[in-house]
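I have placed the structure first, in the form of structure tokens, so that the comments after it can refer back to it.
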Amino acid sequence: MADFEELRNMVSSFRVSELQVLLGFAGRNKSGRKHDLLMRALHLLKSGCTPAVQIKIRELYRRRYPRTLEGLSDLSTIKSSVFSLDGSSSPVEPDLAVAGIHSLPSTSIAPHSPSSPVASVLLQDTKPTFEMQQPSPPIPPVHPDVQLKTLPFYDVLDVLIKPTSLVQSSIQRFQEKFFIFALTPQQVREICISRDFLPGGRRDYTVQVQLRLCLAETSCPQEDNYPNSLCIKVNGKLFPLPGYAPPPKNGIEQKRPGRPLNITSLVRLSSAVPNQISISWASEIGKNYSMSVYLVRQLTSAMLLQRLKMKGIRNPDHSRALIKEKLTADPDSEIATTSLRVSLMCPLGKMRLTIPCRAVTCTHLQCFDAALYLQMNEKKPTWICPVCDKKAAYESLILDGLFMEILNDCSDVDEIKFQEDGSWCPMRPKKEAMKVTSQPCTKVESSSVFSKPCSVTVASDASKKKIDVIDLTIESSSDEEEDPPAKRKCIFMSETQSSPTKGVLMYQPSSVRVPSVTSVDPAAIPPSLTDYSVPFHHTPVSSMSSDLPGEQRRNDINNEVQLGTSSDTVQQ
């Protein structure tokens, strides 16, 4: 089976000339396009080719990718095959022979001594052209030991084509290579069962045929990476690639974001007919790429969340130890941190945490919501921590047990503070504290303002008594200490007053001051507004002309009020 796969990869890397030589050697039709020639050659290989055909395939591949010639037998075999091609009817075969010999590097021909006459003859025959040919670069292995990074949202069910190098087959910039794979009846059944019909005639599959490309590097697991000018065809149909990502800076060439390619919609869901993949790309100096095809099952964010919960919740003591480590005083530092404030709001959804989660690689205590994080990466997989902007892969996520306890104990707090010993306390919002302290103050002020005028209300005509109380201090002239401007506001005003009188009575504070002097002589009552500082100057009432309308009537009312006040004081 390994030999068959190796021969198949060799045939897939052949050019038109090699395919024509192989088909002509096997007695098959060698006319047509490259796609037709390749399908005939693969069918020849699959139908059970003879050992002679297998030797011919290896021989053509050795010419196509020469490395080292081991022994004179290999040289004589190549030499005889080259000369046998001269009498062939194909017009491209002499070119193949020349190309096959010219592609041999000079370092591969070790024997220059007379002990190898065949090699010397070979060198003599091709000496003029051999000196013009430059040494070819080392050919990468067909199946490099490349490992791709695991994709959290996909479970690998089977490997259809293991990682295979995209080998540069010519000196041209644009390269092309073909790959063949077939599905088993069980694989076809799984794909068909998972099919879901979407609006518009589209189909979706949870079991998918996935194509991945990456750099042919074996040092570490590789992320998906596309070569330049990539073009993929599946069974002759062009596969639409993801769009270009915006360049980070001006002048930088745009690149497609590396991600796995779901080619299920173009795959023949039959175990009797093989599938062909054509990949063309622009070669780059110093960069080799690899491709692979897998049968995978797509997962959802809810499934990943369930798997994350099955891993268990991390012990709260781990987080407490991290808190103590952060709050431990550093003797070399002049600044000591005694507490640490942490929010219980998710930085992704700006909502209260439900499943606190963070990565093991993160050094901060702030958590984010696991459900929102998985949903975000399901739409666009970035796996970046929303707190510190560092890599937070799914495999490194943990559920914080300490934050689980805090969320269960405090349901009305959005922020907490950690102490040096690992304990915590809730942080109440300042607005709530201000509301609590301001409510009793409001009650006291309202009671003091509205209760005092009631103590001076006279049983007779209410409206007149209020006006009388306000006009009480018109003729008084004694000095008194100043009151705050806030207490000079008059809350009793008559709608029947004339406009000149209203202008004076607006600043009458007697309704506030009278109750405080009810137990003293009437002579001690502040008689006039002229002794109080006001925010602006106004004409004193005493200086007003007595010719004003109703002035005599007001003087009579003032005398009556003074007598009434004196009598009330005596009765008390």
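The backbone N, Cα and C atoms fix where each Cβ goes, and this holds for glycine too.
Here Swiss-Prot flags CYS362, HIS364, CYS385, CYS388 as Zn(2+) binding site. Around the Cβ of HIS364 (Zn(2+) binding site), 14 further Cβ atoms fall within 10 Å across all displayed protein chains.
Same-chain residues at least 6 positions away in sequence with a Cβ under 8 Å from that of LYS46 (SUMO2 cross-link) are not found in this chain. In the three-state DSSP reading, LYS46 (SUMO2 cross-link) counts as helix. Per Swiss-Prot, SUMO2 cross-link is recorded for LYS46 (among others).
Taken from Swiss-Prot, the feature SUMO2 cross-link covers LYS249 (among others). Within its own chain, LYS249 (SUMO2 cross-link) has no residue 6 or more apart in sequence whose C-beta sits under 8 angstroms from its own. In this structure, LYS249 (SUMO2 cross-link) belongs to neither helix nor strand by DSSP; it is coil.
Per Swiss-Prot, the feature SUMO2 cross-link maps to LYS430 (among others).
The annotation SUMO2 cross-link is assigned in Swiss-Prot to LYS435 (among others) on the grounds of similarity to another entry.
Swiss-Prot lists LYS443 (among others) with the feature SUMO2 cross-link, giving similarity to another entry as the kind of evidence.
Annotation comment: Swiss-Prot describes LYS452 (among others) as SUMO2 cross-link.
Positions annotated as SUMO2 cross-link by Swiss-Prot: LYS489 (among others).
If you look up Swiss-Prot, you'll see LYS502 (among others) marked as SUMO2 cross-link, on the strength of similarity to another entry.
Per Swiss-Prot, domain 'PINIT' is recorded for 134-299, and the stated evidence type is sequence analysis.
Per Swiss-Prot, phosphoserine is recorded for SER476 (among others), and the stated evidence type is similarity to another entry.
Taken from Swiss-Prot, the feature phosphoserine applies to SER477 (among others), supported by similarity to another entry.
Per Swiss-Prot, the feature phosphoserine maps to SER478 (among others); the stated evidence is similarity to another entry.
Among the features that Swiss-Prot reports, phosphoserine is placed at SER499 (among others).
Feature annotation from Swiss-Prot assigns region 'SUMO1-binding' to 467-473.
According to Swiss-Prot, the feature region 'Disordered' maps to 523-572.
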* Around the Cβ of CYS388 (Zn(2+) binding site), how many other Cβ atoms lie within 10 Å? Please give the count over every shown protein chain. => 15
* Asked: For the recorded Zn(2+) site formed by CYS362, HIS364, CYS385, CYS388, which further same-chain residues have Cβ atoms within 8 Å of the site's Cβ center?
  -> ARG358, ALA359, THR361, THR363, GLN366, VAL387, ASP389, LYS390, ALA392
* **Nonlocal neighbours by CB distance (under 8 Å) for CYS385 (Zn(2+) binding site), same chain, sequence gap 6 or more** => ARG358, ALA359, CYS362, PHE368, LYS391, ALA392
